[in-house]
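Chemist: Submitted below is the structure of interest, expressed as structure tokens.
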Amino acid sequence: MAANCTSSWSLGESCNSPGSEPPQSMPSPATQLGNHDSDPETCHVNFRMFSCPKESDPIQALRKLTELCHLWLRPDLHTKEQILDMLVMEQFMISMPQELQVLVMMNGVQSCKDLEDLLRNNRRPKKWSVVSFLGKEYLMQESDVEMAEAPASVRDDPRHVSSQRTSSVNQMCPEEGQASQELQTLPRVPALFRRQEEDFLLPETTVMKGDPKALRPKPTLEKDLEEDREENPGLTSPEPQLPNSPTGVVGAKEGKEPQKRASVENVDADTPSACVVEREASTHSGSRGDALNLRGLKRSKPDATSISQEEPQGEATPVGNRESPGQAEINPVHSPGPAGPVSHPSGQEVKELLPFACEVCGKRFKYRGKLAVHTRSHTGERLFQCNLCGKRFMQRIGLQFHQRTHTGERPYTCDICQKQFTQKSYLKCHKRSHTGEKPFECKDCKKVFTYKANLKEHQRIHSGEKPHKCSKCPRAFGRPATLRRHQKTHREATSQ
């Protein structure tokens, strides 16, 4: 029926049905255009949405369809090739995804040849995305707000994630204001990481690359905003280290008035319950290997037999230099100073509870597998490879996040604009574009930023730091994007 109608208006006559009278002659295009104020696109919609009532005259319906088709395709103005392109383009727009529909509309494509050239160039619509709202999909223009992301190396050590499950600050000393403010902004990590930590490879399956003693840990820096957005979110913050000073204060007797102190509560995946570690805000200088890792230690009540009688009260004892190797508990001693009391385990106790130590930085772990995962942060070893693109990761959880870029899975949805994200940290950063929150402030000029990566980049202006060095010349840069642009000059010079 549609084919017959298409041929009928091109010949200037309508289709006849058996036994019916011949229809009247078609009105001229000028008469049709004068009777209809609608544009061709409106006639196109009316033509496709036309419905004939049951009791209406089919001949009149046929005339109406022919008229609408004539007003849409305009055979008096267009050639047969142009009309064919219009029909093919219409079916293309119906059957193709919404992204390609936007691409055609944005570029004003009018012919199949132009559309083929557009598709060969692999062009894609910019600043548009498909969002779901109330069960329906809509095209939405994206905002210009950029989102920050930390590099994949921030989760090289699973204890960096598990130790910061919950963080709170109870009281704050005047000299501890800086450290306490940092503790208040520690991010909460989803329980997914605790479940994934059991999947790390055992040490027997880990192959060490290079000499660990000759390597040093790489500094954890925020990635530039123009880096890949779909790897891993920044989830770590400086962990509490034990002061290595002979005048360190340990323990506090019950019944005495507590002094102001900063209390940090860390939940570790290695232990079934949380432990509270009270530390001094100002740490003294010392080798990193001597700084003991307090995570995973459970506080236990001191036993009468475990308290050394040889050390007088009021005299502080350096941690790790106990003369009695069998001493398993903490001696309650005091030292004068402004800092509050801090609980310190003995060196022997740390070695028993955390028997596996890193040869590079001295950090200790309860399980050998955890040490093997941590060592990858020094060696740069990446055991988990994506089977689609070949990209490698240090941990399985990083690979799982990356695979969402291939599958298109976006489980986290903004409840304001319904935009979806692959990771919860991305959603948290995105919500700041709605609230206008700028939680990161520069200490030098008091300028505030929405994302921490922006603050890190801004602080390099004050410090003059240029951590990104070119491997082919002595120049260094403060931003990775600037380094990439500089490296292009070397490649262009080599190609010429």
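Glycine too: its Cβ is placed from the backbone N, Cα and C atoms.
Since the structure is predicted, the reported quantities are computational estimates derived from the model, not experimental observations.
This is the feature table in Swiss-Prot:
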type	residues	note
COMPBIAS	1-19	compositional bias 'Polar residues'
COMPBIAS	161-171	compositional bias 'Polar residues'
COMPBIAS	210-223	compositional bias 'Basic and acidic residues'
COMPBIAS	234-247	compositional bias 'Polar residues'
COMPBIAS	253-263	compositional bias 'Basic and acidic residues'
DOMAIN	44-126	domain 'SCAN box'
REGION	1-38	region 'Disordered'
REGION	149-188	region 'Disordered'
REGION	203-347	region 'Disordered'
ZN_FING	356-378	zinc finger
ZN_FING	384-406	zinc finger
ZN_FING	412-434	zinc finger
ZN_FING	440-462	zinc finger
ZN_FING	468-490	zinc finger
Chemist: Please list the DSSP helix, strand and coil residue counts for the zinc finger (356-378).
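Modeler: Taking each residue of the zinc finger (356-378) in turn, the totals are 11 helix, 4 strand, 8 coil.
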Chemist: For the zinc finger (440-462), jot down how many residues DSSP puts in helix, in strand and in coil.
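Modeler: Within the zinc finger (440-462) the tally stands at 11 helix, 4 strand, 8 coil.
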Chemist: Per DSSP, what is the residue tally for the zinc finger (384-406) in helix, strand and coil?
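Modeler: Breakdown, helix to coil: 11 helix, 4 strand, 8 coil.
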